[in-house]
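**Student:** Below you'll find the structure I mean.
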Amino acid sequence: MFNLGHSMRAWALTGLLFTPFLNASPWEQKSAPSQHAPDAIGSYANGCLTGAASLPLDGQGYQVLRSQRERYYGHPDAVSFVERLANLAQQQLATHILIGDMSLPQGGRFSSGHSSHQTGLDIDIWLKLADDKLSAQQLSQPEPLSMVNLQQYRLLKSNWDHRHFELVKMAAQDQQVARIFVHPVIKEKLCATEGQGDRQWLRKVRPWWGHHYHMHVRLKCPQGSSSCQPQAAPPAGDGCGAELASWKPQPKPAAPKAATSKPKKKKPKALPSQCVKLLEIKDS
Ligand SMILES: [Zn+2]
């Protein structure tokens, strides 16, 4: 079988760290956090992480999915956030939350999955709730539980329960949280459920495709991380009106126009210099 790990090491050794092959990530060769103070460097989708903490695999109120991929590292703020939310989930919702991807030991780009999660501040939390803890086998090869019928663009009511609303709300009300991404159909449900109460938290909950079986929590830049690039605050208001409606797929026009120009290829952004230096440090 083709050995990807070996071939990536070979690239690294020949100095071809910035290969045009987006699939390869030298960050996956980093097997442990760096020996620096905790620092989230760069932007969520182009950065790295020093002094990472690892989320304990045997914590209270949560379980870690696919730990074999070693994506359970984060800025210490992210680890405390997960522990905080898991405690609330256990006490108030009588369940365990399932933690998906966080970050690699030194952050940076994954070879598969998503382009963010690079600075130790992004956390995927599955919407499948583990009332009974999952077995080791279920954790290593988990089956997602979707909340949305994607073809019909509607909530799967049989999979959704009120605790999902409570869980997203608890996360959004956390001071450290900047944004939470969920599928637009899920945001619609949250908007409808909140009614006339405090709708402030809904502002942080942002619609985005793909997030129908997990929510993606994004934390604010930590205090003291001076090279961390924050994202602009979400637009004012709860985001439940016209903006949300604009996500709903429209019927396709009868005669679609042929594309007139080739889509431009985006030039990859330069990695922050601290991250380049981090890549140059050889692991022992
Ligand atoms: Zn994510």
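Just so you know, the numbers here start at 1 and follow the chain as drawn.
Quick reminder: no glycine exception, Cβ is built from N, Cα and C everywhere.
Just so you know, TrEMBL annotations are computer predictions that nobody has curated.
Per TrEMBL, the features are:
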| type | residues | note |
| --- | --- | --- |
| SIGNAL | 1-24 | signal peptide |
| DISULFID | CYS48-CYS275 | disulfide bond |
| DISULFID | CYS191-CYS240 | disulfide bond |
| DISULFID | CYS221-CYS228 | disulfide bond |
| REGION | 224-273 | region 'Disordered' |
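A description of the local structural setting of each listed feature is requested, covering burial, neighbours and distances.
**Tutor:** A sphere of 10 angstroms centred on the C-beta of CYS275 (disulfide bond) encloses 24 other C-beta atoms.
Just so you know, the Cβ of CYS191 (disulfide bond) picks up 17 other Cβ atoms within 10 Å once every protein chain is counted. The DSSP secondary structure for CYS191 (disulfide bond) is helix.
Under the DSSP three-state reduction, CYS221 (disulfide bond) is assigned to coil, being neither helix nor strand. Within the same chain, residues at least 6 positions away in sequence whose Cβ sits under 8 Å from that of CYS221 (disulfide bond) are ALA40, LEU121, CYS228, GLN229, PRO230.
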**Student:** May I ask for the distance between CYS240 (disulfide bond) and CYS48 (disulfide bond), taken between their Cα atoms and rounded to an integer number of Å?
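**Tutor:** Taking the Cα atoms only, CYS240 (disulfide bond) lies 33 Å from CYS48 (disulfide bond).
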**Student:** Any idea what the Cα distance is from CYS191 (disulfide bond) over to CYS48 (disulfide bond), rounded to a whole Å?
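**Tutor:** Cα-Cα distance, CYS191 (disulfide bond) to CYS48 (disulfide bond): 34 Å.
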**Student:** Check each residue in the chain of CYS48 (disulfide bond) that is at least six apart in sequence and keep those whose C-beta is under 8 Å from its C-beta; list them in sequence order.
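**Tutor:** In sequence order, the residues whose Cβ lies under 8 Å from that of CYS48 (disulfide bond) (at least 6 apart) are TRP27, ILE41, GLY42, GLN106, GLY107, GLY108, GLN118, THR119, LEU271, PRO272, GLN274, CYS275, LEU278.
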